[in-house]
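The block underneath contains the structure these notes are about, expressed in structure tokens.
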């Protein structure tokens, strides 16, 4: 009986200890649940507050970025305005530099200006020695110069010369061969006329006599080409292919065209010379 009691008592003790443990383990759970419930409400408030704060920070950063962008744009526009002002408004140094360049340029141009003044004086001097030979010529600047007896050689042939621009022209109405006209021009320290360009050709055709006149263009058999008497260059564009050298090796001028013919024929002589080639 005693062993059974001990055994029984042992079993009861063991069960009671388990019950006590169960009771002990169950007792602290209630305050934990209460504690969790107590702390869960403030944590949600903190999260909401942090979210609002982050949103405000994002809005602030966005506003700052927009402000900085606008400021940079305004600064860029201001810089462009200043650059344009600097480029468009000459500074004092630029003005001084331009003045210096103008002074240097005027010094460089003085020889040319002196030459132009000299030519102008020569032209005025030649014009002062001339007289108008026709009413129509008054609008063209054409003037006739009286021919001396020595120049006319007493033959009474009509002669006149006129200056236009930088060139002077001498018309000798005494008909001569091409070689005779060349010699006549050389006696007067002139040369048979060389036409420099198309404008001069048209001008001479309007004022030339109705008769054909010899000019200083002839065919060179050695060069196989048409050359001017002084071998100088000319900007006059000539279609030399249309001139058949069998018709003649010397060129003449009429009111309508240039034409080649027999050099032994007798035509009017046209001499010419530039004003800057006359002796002072």
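The backbone N, Cα and C atoms fix where each Cβ goes, and this holds for glycine too.
Per Swiss-Prot, disulfide bond is recorded for 163-168 (among others). Within 10 Å of the Cβ of residue 163 (disulfide bond) there are 21 other Cβ atoms, across all protein chains.
Feature annotation from Swiss-Prot assigns disulfide bond to 181-269 (among others). In the three-state DSSP scheme, residue 269 (disulfide bond) falls into the strand class.
DSSP gives residue 185 (disulfide bond) a helix state. Around the Cβ of residue 185 (disulfide bond), the number of neighbouring Cβ atoms within 10 Å comes to 23. According to Swiss-Prot, the feature disulfide bond maps to 185-271 (among others), an assignment based on experimental evidence.
If you draw a 10 Å sphere around the CB of residue 250 (disulfide bond), it holds 25 other CB atoms from the protein chains shown. Per Swiss-Prot, disulfide bond is recorded for 250-263 (among others), and the stated evidence type is experimental evidence.
Taken from Swiss-Prot, the feature domain 'C-type lectin' covers 156-275, and the record attributes it to sequence analysis. In terms of DSSP secondary structure, the domain 'C-type lectin' (156-275) contains 27 helix, 46 strand, 47 coil.
Taken from Swiss-Prot, the feature N-linked glycosylation site applies to 104 (among others), supported by sequence analysis.
In the structure as shown, the Cβ atom of residue 239 (N-linked glycosylation site) sits within 10 Å of 7 other Cβ atoms. Swiss-Prot lists 239 (among others) with the feature N-linked glycosylation site.
According to Swiss-Prot, the topological domain 'Cytoplasmic' annotation covers 1-44, on the basis of sequence analysis.
Per Swiss-Prot, topological domain 'Extracellular' is recorded for 67-280.
Sequence annotations record features per position, and here Swiss-Prot assigns transmembrane segment to 45-66 based on sequence analysis.
Note on proximity: of the disulfide-bonded residues 163, 168, 250, 263, 269, the one nearest residue 185 (disulfide bond) is 269, by Cα distance. Same-chain residues lying 6+ beyond the ends of the transmembrane segment (45-66) with a Cβ under 8 Å from its Cβ atoms: none. Spatially, by CA atoms, the disulfide-bonded residues 181, 250, 263 include one closest to residue 271 (disulfide bond), and that is 181.
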